[in-house]
Amino acid sequence: MEAKENGENKKPSSGAIDGPTNPMVTPLLTDLYQFTMAYAYWKAGKHQERAVFDLYFRKSPFGGEYTVFAGLEECIRFIANFKLTEEEIDFVRQSLSSSCEDGFFDYLRGVDCSDVEVYAIPEGTVVFPKVPLMRVEGPIAVVQLLETPFVNLINYASLVSTNAARHRHVAGKSKTLLEFGLRRAQGPDGGIGASKYCYIGGFDATSNVAAGKLFGIPLRGTHSHAFVSSYMNLDEISDKSLRRKDGSSTCDDFVIEVQTWLSKIQLSNGVFGETNQSELAAFTSYALAFPDNFLALVDTYDVIRSGIPNFCAVALALSDLGYKAVGIRLDSGDLAYLSCEVRKFFRNIEKEFGVPEFGKLAITASNDLNEETLDALNKQGHEVDAYGIGTYLVTCYAQAALGVVFKLVEINNQPRIKLSEDVSKVSIPCKKRCYRLYGKEGYPLVDIMTGENEAPPKVGERILCRHPFQESKRAYVVPQKVEELLRCYWPGNSDKKKDSLPALRDIRERCIKQLEIMRPDHMRRLNPTPYKVSVSAKLYDFIHFLWLNEAPVGELQ
C-alpha cells in the first residue's frame with residue numbers, strides 16, 4: 001500500500017544549514033594522509049596558501065555515456081558545520097607522530113570553512129567525464145581535509161542515481177518503479193542513501209520507512225510470504241465484519257462473501273480445483289486490515305491455480321462493499337508469461353461479472369530484477385505495471401564505484417597539472433568555467449571548459465571546441481543556447497551570490513527533465529554515442545604548454 005508523502009526536506013528557519021543526514025559524517029571521516037599533509041603544510045607555513053581543486057570523474061559508469069550528479073547537498077551540509085571538537089583533536093594528536101608540534105593542534109581548533117568557496121553543477125544534472133562537478137577554493141590545508149568526505153559523499157550518490165536513471169530508461173515512463181533494496185544494501189547508510197538517490201534518479205517510491213521520514217519519499221509496501229504461510233485456515237479470522245466504504249452498512253461475515261465469490265470463479269472457469277485455503281485466509285485477513293489498499297503477494301503456493309483465484313475472490317468481495325483492490329505482486333517464476341496470464345484472467349473476470357476496471361488491476365513484479373531483466377521483459381512482451389527492484393539497484397552490482405577524483409588545479413593563482421603515462425589521468429589545469437552548448441533541436445551538443453577569464457561562448461557565435469588531449473579531434477559549434485554549469489553554493493567570506501539548496505523533489509524533477517532532453521543515442525543501453533567534452537582553443541594551447549613545461553625531458557645514452 002502507499003503511505004502519505006511526508007513533504008519536502010525541512011530547512012532550518014534560522015537560515016543555518018542542518019548537519020549531514022548521517023551523523024558519522026564528521027571531520028574525522030577522512031583518510032589519515034589528509035591530516036599528515038595538513039600538518040606538513042602547516043609546518044612549512046603553506047597552510048593558508050589559496051588552492052583550487054576540481055572534483056570530477058574520468059569515465060561514465062555501467063558502460064554508458066552519462067552520469068547523474070548527486071550528493072551536493074550533503075557536501076554543503078558538511079562544510080556548513082565543519083568544526084573539530086576537542087575529543088576529535090585529541091584523537092588526531094594520538095594518531096599523528098609524537099614529533100608534531102602543539103601549535104598545529106591549536107590551529108585545528110580554529111579551522112572551519114568560512115574561507116572556503118564551493119562552486120558546483122546543480123544536483124540532479126546529467127554530467128560527463130572530465131567536467132568539474134565541483135570546484136573547491138580555499139586555504140590548502142582546509143580544502144585538503146575536505147577531499148575524502150566530498151569524494152565519499154559524491155561517489156555512491158552519483159553512481160546509484162545513475163543506476164536508477166538507467167533502470168527508469170529501460171522500464172519506460174509509464175511504469176512505476178519501487179526501490180526495495182534496504183535489506184540488501186551495504187549497511188544502514190547504504191540503504192538510506194540508496195532510497196534518497198534512487199528517488200532522484202526517477203524511482204517513484206521506497207519501502208524504506210526511515211528514508212520516507214527523513215526525505216519525504218513516498219512509501220510503498222504490502223506483505224511477505226511469511227504473512228501468507230502464517231495462516232492455516234479461515235477459522236483463524238476472529239473478526240469477520242467489514243463496513244461498507246460509504247459507511248452505509250456493515251457486512252457481518254466477509255469470509256462468507258469471499259468463499260461465495262471463489263465458488264463463482266471456479267464454476268465460471270471450470271478449470272480450478274481447490275485453492276490453498278491458508279492463502280485464502282491470509283488474503284482475507286489482509287483485506288480486512290487494509291480494504292482500501294489490498295495488494296497481495298500471489299506466488300507462495302501456485303500463482304495460477306491458487307494465488308490468482310484467491311486474490312480475485314477477495315477483490316470481488318471488496319468490490320461488493322465499494323472498495324477497489326490495488327492488484328497483485330509476483331515474486332518468482334516466468335514474469336513475462338505469468339503477468340500475461342494474470343492480465344487475461346483479470347479481463348475475463350471483468351467481462352464475466354461486469355466489474356468495471358477489474359482488468360486494469362496493477363501487476364507488480366519483483367525477484368532480483370535488474371536492467372537486463374527489464375530489457376528482456378520488454379522484448380518478450382509482458383503486462384507488468386510496476387517493478388520492485390532491490391539488490392542489483394542499491395548495491396550497484398554492475399559497477400562497484402564511480403571513480404570520483406579530487407585534483408589540485410591551481411595554487412596561489414599558479415595553474416598546476418597532474419601528468420600520467422595514461423592520458424585519461426592527466427588533469428586539466430587552472431580555474432575554469434564550464435558551459436553546455438545546445439543545438440537547434442534542443443539537445444545538448446557539447447560541454448566546453450574555458451579559462452576563468454575567457455569571454456563566455458555566445459548564442460549564434462561560431463566556437464572552436466577541441467578535445468583536451470587529441471589534436472585532430474575538434475569541431476566548430478554554433479550554439480542555439482548556452483548554459484553555464486558551475487554555480488556558487490558556498491561563497492565563504494566572499495560577497496558572491498549563493499544559490500539555495502533545492503528540495504529533494506525539485507532535484508528529482510531536474511534529473512527527469514535533464515534525461516528527457518538528452519539525445520537518444522547518448523542514452524541507449526548498448527553502444528551509446530560518446531558525448532563530447534571539450535576545451536576552448538586557448539585552454540587547449542595552455543594545457544599542452546604546461547604539459548611540455550612540467551614533463552621531464554629524457555636523455556638517451
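Every residue, even glycine, has its Cβ placed from backbone N, Cα and C.
Owing to the predicted nature of the structure, the values given are computational and were not obtained by experimental measurement.
If you look up TrEMBL, you'll see 1-22 marked as region 'Disordered'. Per TrEMBL, compositional bias 'Basic and acidic residues' is recorded for 1-11. Taken from TrEMBL, the feature domain 'Nicotinate phosphoribosyltransferase N-terminal' applies to 28-155. Annotated domain 'Nicotinate/nicotinamide phosphoribosyltransferase' per TrEMBL: 203-425, in sequence order. For 431-542, the entry in TrEMBL reads domain 'Nicotinate phosphoribosyltransferase C-terminal'.
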Tally of residues which DSSP labels helix, strand or coil - the domain 'Nicotinate phosphoribosyltransferase N-terminal' (28-155): 55 helix, 22 strand, 51 coil
Local confidence of the domain 'Nicotinate/nicotinamide phosphoribosyltransferase' (203-425) - pLDDT mean: 96
The domain 'Nicotinate phosphoribosyltransferase C-terminal' (431-542): DSSP-derived helix, strand, coil residue counts: 23 helix, 35 strand, 54 coil
